[in-house]
Amino acid sequence: MDIRAAEITAILKEQIQNFGQEAEVSEVGQVLSVGDGIARVYGLDNVQAGEMVEFENGTRGMALNLEIDNVGIVIFGSDREIKEGQTVKRTRAIVDAPVGKGLLGRVVDALGNPIDGKGPIVYTERRRVDVKAPGIIPRKSVHEPMQTGLKAIDALIPIGRGQRELIIGDRQTGKTAVALDSILNQKPINQGTDEKAKLYCVYVAVGQKRSTVAQFVKVLEEQGALEYSIVVAATASDAAPMQFLAPFTGTAMGEYFRDNGMHALIIHDDLSKQAVAYRQMSLLLRRPPGREAYPGDVFYLHSRLLERAAKLNDSLGAGSLTALPVIETQANDVSAYIPTNVISITDGQIFLESDLFYQGIRPAVNVGLSVSRVGSSAQIKAMKQVAGKIKGELAQYRELAAFAQFGSDLDASTQKLLNRGARLTELLKQSQFSPLKVEEQVAVIFAGTNGYLDPLPVSKVREFEQGLLLALRSQHPEILEAIRSSKEISKDTTEKLTKALDAFAKSFA
């Protein structure tokens with residue numbers, strides 16, 4: 001038998017080349033103790049802060065406390081099946097969520113998993129849920145209006161695309177209703193073809209009842225608004241870490257639109273419950289408590305979340321993310337810890353009052369305490385033209401109404417102001433699920449500030465408004481079209497509108 005050394009060498013070399021070490025190394029730790037949704041783990045020495053870890057039974061958690069001898073992990077889900085001594089392994093991934101247009105029309109949990117029974121989600125990419133907000137250079141000042149469809153807000157407390165406007169008030173004052181109407185009002189724009197005008201909506205429900213969230217989704221579906229919306233739900237029965245994470249997940253989904261030259265609106269309903277969930281986690285992790293037992297970094301929690309809402313400059317695609325955070329107060333106390341924090345972070349607040357709500361003024365916006373720090377730069381010119389006057393007249397009305405209670409002998413001009421104020425207040429009332437287009441709001445407010453409501457009894461104002469809108473839509477659509485296209489009330493439009501109002505006022509009387 002002839003053995004060739006060269007041949008054997010070649011075979012050996014080939015064997016050595018193909019020899020691969022099929023061993024997978026994963027870093028693991030051991031559960032020291034578990035309870036109240038918190039696990040203490042020994043051995044994960046190289047774990048990162050905010051990293052996702054996986055327990056033996058497949059449950060996931062996030063490493064939050066990195067201490068000398070152990071790691072504090074918050075558990076996303078139930079801790080019942082996790083036992084002392086079980087292994088925990090690193091995933092080497094910071095908590096992320098799926099993003100993209102494939103999520104539109106879906107209801108997901110705080111980790112981006114579908115919970116609506118409509119099958120798996122088709123997503124574009126995955127993004128980290130907690131990222132750094134854009135700096136000063138990438139931003140641009142807010143200048144495009146974000147119409148809510150509510151006269152009281154669009155005229156007096158305008159919101160721009162890229163703004164953060166807080167909705168604050170006691171329970172049952174219509175905070176969610178304002179947010180819902182803002183979503184419904186985007187339907188006509190989103191049915192168009194102009195991608196730059198569309199506004200995609202993300203609604204984050206934190207700590208709410210499942211029935212409430214189901215009702216909200218049902219309304220969106222019935223009104224045809226679910227197709228451009230994403231609902232992120234961490235309900236009251238979900239673990240505190242899920243309630244803490246949901247707003248970050250929703251923001252990551254909104255940022256996808258912002259960073260790709262589109263516009264998005266995110267509603268956090270509500271951040272008081274997120275703060276409570278964060279307080280619970282922090283106390284269980286034995287972090288030192290501060291004011292009202294909240295941890296010292298609860299301000300940073302909300303500021304890093306809300307700073308991600310921004311209007312980007314043209315070189316980055318001019319996209320925007322508008323945030324409407326909701327805060328629930330106790331007995332109208334806006335000076336509590338969380339309300340003052342969020343007021344100082346946002347660019348203004350819409351203050352809803354239970355007293356006004358019970359008087360039948362809905363939306364129950366307290367115009368005196370509410371403010372938009374972006375102001376009229378977030379309004380079209382037509383709205384600026386009519387809103388300036390209504391603001392002034394309502395301010396005078398509020399001032400005089402306080403004095404009018406003391407004396408009955410008021411002069412004619414004061415009486416006239418009081419009458420006008422009462423009618424304008426009535427005019428700003430609006431039913432739920434009936435947002436108005438901006439040109440219709442302009443026409444209605446024009447009628448109010450030009451004295452067309454003064455001869456009417458207050459009880460007839462709403463009827464007059466409905467009749468006027470019907471008349472304008474059917475007989476004078478060109479007036480509304482002129483306001484919509486030119487975005488201002490020109491001299492010609494003023495004449496036409498005055499003529500139409502005179503004719504309608506005569507027929508109404």
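A Cβ is built for glycine as well, from the same backbone N, Cα and C atoms used for every other residue.
What Swiss-Prot lists as ATP binding site is G169, D170, R171, Q172, T173, G174, K175, T176, and the listing cites sequence analysis. The site 'Required for activity' annotation in Swiss-Prot covers S370.
Everything Swiss-Prot records as a feature, shown here on the structure.
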residue	record	DSSP (3 states)
G169	ATP binding site	strand
G174	ATP binding site	coil
S370	site 'Required for activity'	coil
G174 (ATP binding site): tally of other CB atoms within 10 A of its CB: 20
Nearest-integer angstrom distance between the alpha carbons (Cα) of T176 (ATP binding site) and S370 (site 'Required for activity'): 17
Neighbour tally for T173 (ATP binding site), based on other Cβ positions within 10 Å of its Cβ: 27
Neighbours of G169, D170, R171, Q172, T173, G174, K175, T176 excl. site residues, C-beta within 8 Å of centre, ATP: E328, L352, S354, F357, A364
S370 (site 'Required for activity') and D170 (ATP binding site), Cα-Cα, nearest whole angstrom: 14
Site with most surrounding Cβ atoms, counting all protein chains shown within 10 Å, from the binding-site residues Q172, T176: T176
Cβ-Cβ distance under 8 Å to R171 (ATP binding site), same chain, at least six residues away: E328
K175 (ATP binding site), number of other Cβ atoms within 10 Å: 25
